[in-house]
Amino acid sequence: MAEKHQDKMTNAMNNSKLYLIQSFGCQMNERDAESLAGMLEDLGYCPTSAQEEADIILLNTCCVRETAESKVFGLLGRLRKLKVAKPDLILGVCGCMSQQEDAAKRIRRSFPFVDLIFGTHNIHELPRMIHQVQENHEAVLEVWATEKGITESIPVKRKDKLKAWVTIMYGCNNFCTYCIVPYVRGRERSRQPEDIIDEIKELVQEGYKEVTLLGQNVNSYGKDFKNNYRFADLLMAIDDITGLERVRFMTSHPRDFDQRLIEVVASAKKVCEHYHLPAQAGSNRVLKMMNRGYTREHYLELIRKIKERVPNASITADLMVGFPGETEEDFQETLDLVKQVRYDSAFTFVYNIRSGTPAAKLEQVSEEVKSERIQRLIELQNLISLENNQREEGRVLEVLVEGETKTNPDLLAGRTRTNKLVVFQGSGHLPGQLVQIRITKGRPNLLEGEVVPNGT
């Protein structure tokens, strides 16, 4: 049963205090950062982008890949001088990396100037832990070994005013052999549907047009309930919310994307026609070693069923190369899968060892081979992405305007329902408007277009 967040301590600070949160990793971490920011602003802190101005710096960490951990350790080393110059600065490390016992100990040992270390299960305790650091003038290390339910009503400070992340569940039960997430995020816990619905209704009242439902495996939503309420039921309920324009969700596990869910996403008016379905590999032998729980044939049949019901569906994926034991034949099967599915885009990455996972004990593929394979995969996917986007030329697509582009204030950018980035001229259109855009040029990573007068 959800408990209410009570540790606000609103008057503990004054408005001159500044905070900086630096997040690494996935959308779940981005959403956690919004909660961290919300709690800090409840304490009277204001955001800053300058490290030297901050009174508190939180590093919200990731441990899915070694590169993310290396970035954190490098940043901590550089922050040492700032901590010496500003001894009252509170420096904290949280998130998935600090949830690992070995990593937390390493931080404590190598960076003793860190004031605060906590994990993924107790971020709602942040106000109390800050108060403890200030009152006792000593470091606080609190990493809960296990999750203790879901804490609702944590303050949230969102950067975006049009699109919002909404977490619907936490944790993962899948235990893929390469992945550390179940060990640092805990077992699956679903939020109550009424809490999710209420949050989205409040967002709509605040002017938000689009929500993305988040979970390590959203398709597992509700499996921990005693009743039969599942993800498809939640989507139908959200689709009925007045004023909401678009609904997205991620991430989906291909094994759990069943026929009922396909029927719901095909019929729901607000659920966007974009499905992120991480394949990871195209070889049955590798998929089995990964403990993915499905075969290549199952995956391809799922894609066929989705496109049969949603012909204009955009499919994206995560694809890994260099899993331990992957042969050239295995890799060729991944390339063939990409050719058959024709992903609109894919997040491609090289396997790297995660201590504590079963795959870490297997015979590894050489770095040279992994580097060569990832380049071949990227080249293939870039070509397919370009071809897919060129097919959009001449079509008129609905675009949610997000604002000016970063490089040219005369150009606006937005997203189609299939999550394709569109750039166009149209200074009279305000962020949040839905406009009709005729696509004039397809590029590998975006579409160029022009506003259709009167939407016709």
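Heads up, the Cβ atoms here are built off N, Cα and C, so glycines get one too.
The [4Fe-4S] cluster 1 binding site feature in Swiss-Prot is assigned to Cys26, Cys62, Cys96; the stated evidence is sequence analysis. The Cβ neighbour count for Cys62 ([4Fe-4S] cluster 1 binding site), using a 10 Å radius and every protein chain shown, is 22. DSSP classifies Cys62 ([4Fe-4S] cluster 1 binding site) as coil under the three-state reduction.
Under the heading [4Fe-4S] cluster 2 binding site, Swiss-Prot lists Cys172, Cys176, Cys179. Packing around Cys176 ([4Fe-4S] cluster 2 binding site) is summarised by its Cβ count: 21 other Cβ atoms lie within 10 angstroms of its Cβ, all protein chains included.
Under the heading domain 'MTTase N-terminal', Swiss-Prot lists 17-135, citing sequence analysis as support.
Annotation comment: Swiss-Prot describes 158-387 as domain 'Radical SAM core', evidence class sequence analysis.
Residues annotated as domain 'TRAM' in Swiss-Prot: 390-453.
The binding-site residues listed here are Cys26, Cys96, Cys172, Cys179; among them, Cys96 has the most other Cβ atoms within 10 Å of its own Cβ.
For the domain 'TRAM' (390-453), DSSP puts the residue distribution at 2 helix, 34 strand, 28 coil. Other than the site residues Cys172, Cys176, Cys179, same-chain residues with C-beta atoms no more than 8 angstroms from the centre of those residues' C-beta atoms, the [4Fe-4S] cluster 2 site, are Asn174, Phe175, Tyr178, Ile180, Val181, Pro182, Gln216. Within 8 Å of the Cβ centroid of the [4Fe-4S] cluster 1 site, not counting the listed residues Cys26, Cys62, Cys96, the chain contributes Phe24, Gly25, Met28, Asn29, Thr61, Cys63, Val64, Ala68, Gly95, Met97, Val181. In the domain 'MTTase N-terminal' (17-135), the DSSP tally of helix, strand and coil residues is 66 helix, 23 strand, 30 coil. On the backbone, the CA of Cys172 ([4Fe-4S] cluster 2 binding site) and the CA of Cys62 ([4Fe-4S] cluster 1 binding site) stand 16 Å apart.
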